[in-house]
Amino acid sequence: MRSTLITDIAELTTVDPEGRVLTDAAVVVEDERIAWIGPAADAPDADDRVSVEGRAVLPGWVDSHTHLVFDGDRSAEFEARMAGESYAAGGIGVTTSATRAASDDRLAELVRGRVADAVAGGTTYLETKTGYGLTVEEEARHARLLAGLREEGLVDEVTFLGAHLVPPGRDAEDYLDDVVGPMLEAVREHAGWVDVFCDTGAFDAEQTRRVLAAGVAAGLGVRLHGNQIEQGPGVGVAVEFGAASVDHVNHLSDADVEALAGTWTGWDRASATGTPGTVAGCLPACDLSTRAPLAPARRLLDAGIEVSLASNCNPGTSYTTSMNFNVGTAVLQMHLTLAEAVRAATLGGALGLRAQDRVGSLEVGKRADLHVLDAPAAIHLAYRPGMPLTHAVWRAGRRAV
């Protein structure tokens with residue numbers, strides 16, 4: 001067991017239950033775990049010593065919502081959207097066609113590159129989804145690929161999103177027969193979660209229930225895309241199924257907020273203990289890219305609901321892995337404090353993946369996921385938006401950047 005002392009930390013944001021922010025601090029890492037946290041002057045000896053020279057350190061980002069398995073380019077579609085023009089050649093179908101045509105090696109190379117970009121920006125725990133295959137064979141291929149990358153430690157959580165969209169030329173109910181039958185059977189050993197896009201133009205409440213029920217029966221956890229396009233049944237279905245998270249949440253009724261808040265009655269936010277409810281996943285980069293209303297993170301937090309921030313990296317509506325950007329946006333545009341935004345991008349994401357006992361905060365015994373900023377304090381994430389502030393990253397105890 002080899003130990004490393006990371007010291008000379010100007011500001012250490014722990015996101016622990018006390019919300020401690022330490023100054024002149026140090027962390028000791030043993031193998032892949034945190035072994036000690038405290039004042040630098042009291043730090044124990046270690047095999048190796050790394051000085052961060054007066055920089056700030058916080059937990060690595062937990063990106064709880066991404067779509068990394070894709071090929072193709074949709075920049076013309078984005079340009080048209082920014083100009084307020086229609087673009088008939090766009091949409092998920094474009095990505096599906098390009099992704100189906102790509103070889104396994106090509107897709108693996110693309111995913112590796114996107115993960116590398118994410119880690120270079122401070123992300124240390126990643127969820128990603130299938131959903132650009134939309135046939136039994138392709139969804140199974142993408143799930144196998146992601147499971148292999150998970151074994152390598154490149155991604156951490158794999159989600160089955162066969163119910164992303166009804167493919168062109170398919171009847172919705174006929175397609176769902178595939179999703180809950182042979183498609184689910186082919187991916188269940190590779191995925192930990194089932195997801196559905198429950199919204200206008202995708203799947204309605206009953207269709208969503210059908211997929212989620214099948215996923216639960218197959219042993220998968222539940223997450224959901226909901227209430228992105230308009231206020232609808234997504235949040236209600238997520239609560240009904242005890243989903244770990246419902247993501248997008250741009251359009252919420254008072255009843256939606258009340259329902260989400262009701263799932264958190266067994267959770268004590270101050271001590272970060274108890275039974276977590278359904279996390280409200282906010283995706284600000286996507287909201288900006290689609291010129292949608294920003295998700296009401298302030299309203300959700302004030303109602304007692306845990307919120308996550310995630311990149312939603314995908315080729316159509318949020319082609320970025322930058323969690324720094326999302327955190328800065330949450331402070332500048334969504335009325336979160338820095339502490340709230342950092343918590344949402346770390347512990348909030350971990351709660352939405354039910355991984356809060358392993359990651360999401362800097363505490364003894366947790367995975368050593370550290371993000372060192374090229375700045376003396378974490379507020380620089382919002383104070384200096386768009387700047388390349390990631391200086392170093394430890395992921396599971398190993399220096400990754």
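Each position is counted from 1, following the chain as shown.
Quick reminder: no glycine exception, Cβ is built from N, Cα and C everywhere.
Site annotation (Swiss-Prot, ligand Zn(2+)) includes His65, His67; from His190, His225, the additional listed residue is His225. What Swiss-Prot records for the N-formimidoyl-L-glutamate site is Asn314, Gly316, and among Tyr125, Tyr132 the residue it adds there is Tyr132. Cross-referencing Thr317, Thr320, Thr321 against the 4-imidazolone-5-propanoate binding annotation in Swiss-Prot, which names Arg74, Tyr132, His164, Gln228, picks out Thr317. Comparing CA positions across the binding-site residues His65, His225, Asn314, the one lying closest to Arg74 (4-imidazolone-5-propanoate binding site) turns out to be Asn314. DSSP assigns Asn314 (N-formimidoyl-L-glutamate binding site) to a strand segment in the three-state reduction. Excluding Tyr132, Asn314, Gly316 themselves, the residues of that chain whose CB lies within 8 A of the CB mean position for the N-formimidoyl-L-glutamate site are, in sequence, His67, Phe70, Arg74, Ile92, Thr95, Gly131, Pro315, Thr317.
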